[in-house]
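TrEMBL annotations:
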- B:20-39: transmembrane segment (TRANSMEM)
- B:65-86: transmembrane segment (TRANSMEM)
- B:92-113: transmembrane segment (TRANSMEM)
- B:134-167: transmembrane segment (TRANSMEM)
- B:173-194: transmembrane segment (TRANSMEM)
- B:258-280: transmembrane segment (TRANSMEM)
- B:292-314: transmembrane segment (TRANSMEM)
- B:342-371: transmembrane segment (TRANSMEM)
- B:392-410: transmembrane segment (TRANSMEM)
- B:416-440: transmembrane segment (TRANSMEM)
- B:447-466: transmembrane segment (TRANSMEM)
- B:500-518: transmembrane segment (TRANSMEM)
Amino acid sequence: MSTTGERSTGTVYEQVQASPEFADLRRRLRRFVFPMSVAFLAWYLAYVLLASYAPGFMAIKVLGNINIGLIIGLLQFVSTFAITTIYVRYANKHLDPAAEKIRQQIEGAE
Amino acid sequence: MNMDIAQAPAPPAATAVGDVGLNIGIFLAFVAVTLVFVYRASRTNKTASDYYAAGRAFTGPQNGVAIAGDYLSAASFLGIAGAIALNGYDGFLYSIGFLVAWLVALLLVAELLRNTGKFTMGDVLAFRMRQRPVRAAAATSTLVVSFFYLLAQMAGAGGLIALLLQIPTSNRVGQGAVIAIVGILMIVYVLVGGMKGTTYVQIIKAVLLIIGAAVMTVWVLGIAGFNLSALLGDAAAASPKGDAVLAPGLQYTNPIDLVSLGLALVLGTAGLPHILMRFYTVPSSKEARRSVVWAIWLIGLFYLFTLVLGYGAAALLPPGTITSATQNNAAPLLAYQLGGEVLLGIISAVAFATILAVVAGLTITASASFAHDVYASVIKRGQASPDAEVRVARITALVIGVVAIIGGIIANGQNIAFLVALAFAVAASANLPTILYSLFWKKFNTTGALFSIYGGLAICIILIVFSPAVSGKPVNAATGRSASMLQGVDFHWFPLDNPGLVSIPASFLLGVIGTYIGGRRPVEEGKFAEMEVRSLTGAGSEKAIAH
């Protein structure tokens, strides 16, 4: 089992943590995941509140027997799949290269 | 057979369908195939990293399928399909919460956890805290969540046994014997195959389950002329509740209860220890991300299938077949209606395999947490040899297996989706706040972690004990039984079935309060730097071992 870096003094990590490259990586991650988490939780909560407090609205039929509740429910599936795909693209493009670069710096320094 | 069925207007012999020999044959074939994989896995099951994390050698897609296998438990398959068949739309709400919850794991937890930890949730929570108290707390909540989840799985076994082997639920001894055999089989999987063997079982089961559900879904849609609206119309026409099954409000009459449940579902997944542990079976955080992506697509597709299967069961089964007592068997009964004895045999064997696989995953997680967090860190103060640790993990797995068998015999017949919802509430209250705080909040400290874990756990359990779910629901005139877990007593004072709405915010708050109370100790800057840099870059993370 590899223990690379496990027993390091922490100074390497503190130096990296203080570097502008790392600050940039952290900002890119947080700038994406925090607003996105707020957005999907709010969208989900809106759905749960509608189902709880407005069942009559959810029961309005739109297409044959397909009602608003079913459509919003299925849209939760669509938004989940969409956010997943968008995040993977974002991470591949904006997170992975920067993380990889810093990782190699740290592991090469030891 | 069953009371509800005996009293139904047109009594179909619902629990006496199918061919017992065929059912057993299909199930034994599954057991034989999985045992071969488990035996092969045992040859590389030597080190702690092998036993706990399968040598971190699975690929993202493999692990994603295994996660789907772990997550699509009896509650998802039998519980949700049954709830939709009986109560329509409200059953669908469960699946949406269970799916959206994965975004929390994807965006906030999976990759950072993989980069930081080694084997257990406690590795991450205790990373920059005082080891012994935080690991003890993490192990406690891991054991409690796993135990609730385990009971939920075993509770679903009874109805399946009645269907598969035609041993009625009234025959407690016969059913108990079958549950014991299942438990012993599960212990063999875990002890022989470790995490690698368990993962193969999950993968095989997930593939069978998803294919089985897909075939049934296409079949049902075919009968309805591939017209979802027509299927919904048929379901509403066949249901005694009519059009009400198409809208929310049948199962949950108290809106606050529904909000509380929704919160527990969406925040619970990323705090489930047996799900978190799966992220350690891949070599890197990028593979952990790919695992979640695969899991989200498979789980999402599967829940779309259950929507069709649930309404399909309502539309196609003879009136009166699905009652609150038989709802867990809606999917297998629909299989019989569609494809006769063979499809019933396959689907019930898959459902049985589901219980087996999920219980195996829970057992390995709980045993790892006890051995790695409690034995190695708390008792031996980090001085235990890896061999001794794995030996303790195996003994613990044996003990948990026995507890699962006894608990399963006792819990037999409880509503599975409900029990799983409680496990989610405990996970969301006791685990998630601490996970998020320790990953993202620099000032968070040991006192904060202990307040949040123990406080969230205690509040959650107390509110469950004094909820109407445990005692005090009105007695149903038709069955003479209360919908609560205990009959004939009423000591409830908390109004909600699910405690999430109170216990989750309370736990987040307690984390903040504890942090300020313990704030006189200086923050360990070095440890926090190491954790933050490791979690974001993967530097120094545990590597895969090559065999």
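Glycine is no exception: its Cβ is also placed from the backbone N, Cα and C atoms.
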Interface-richest range of B:65-86, B:134-167, B:258-280 toward the transmembrane segment (B:447-466), CB pairs under 8 Å: B:134-167
Region pair the transmembrane segment (B:173-194) / the transmembrane segment (B:392-410), three or more CB pairs under 8 Å: yes
Interface-richest range of B:65-86, B:92-113, B:134-167, B:292-314, B:416-440 toward the transmembrane segment (B:20-39), CB pairs under 8 Å: B:134-167
Contact call for the transmembrane segment (B:92-113) and the transmembrane segment (B:65-86): at least 3 Cβ pairs under 8 Å, seq gap 6+: yes
Contact call for the transmembrane segment (B:342-371) and the transmembrane segment (B:500-518): at least 3 Cβ pairs under 8 Å, seq gap 6+: no
Remote residues contacting the transmembrane segment (B:500-518) - C-beta distance under 8 A, at least 6 residues beyond either end: 256, 259-261, 263-264, 267-268, 424-425, 428-430, 432-434, 437, 441, 443-453, 455-456, 459-460, 463
Maximum Cβ pairs under 8 Å to the transmembrane segment (B:292-314) - stretch from the list B:65-86, B:134-167, B:258-280, B:392-410, B:416-440: B:65-86
Of B:65-86, B:258-280, B:392-410, B:416-440, whichever stretch has the most CB pairs under 8 A to the transmembrane segment (B:134-167): B:416-440
Intrachain residues whose Cβ lies under 8 Å of the transmembrane segment (B:392-410), provided they are six or more past its termini: 51-52, 146-147, 150-151, 153-155, 157, 172, 175-176, 179-180, 182-184, 186-187, 190-191, 359, 362-364, 366-368, 370-372, 375-376, 384
Outside the transmembrane segment (B:65-86), six or more residues from its ends: residues with CB under 8 Å to it: 58, 92, 94-95, 98, 149, 152-153, 156-157, 159-160, 199, 201-207, 209-210, 213, 251, 269, 274-275, 278, 281, 291-292, 294-295, 298-299, 302-303, 306-307, 309-311, 313-314, 317, 322-324, 326-332, 334, 351, 354-355, 357-358, 361, 415-417, 419-420
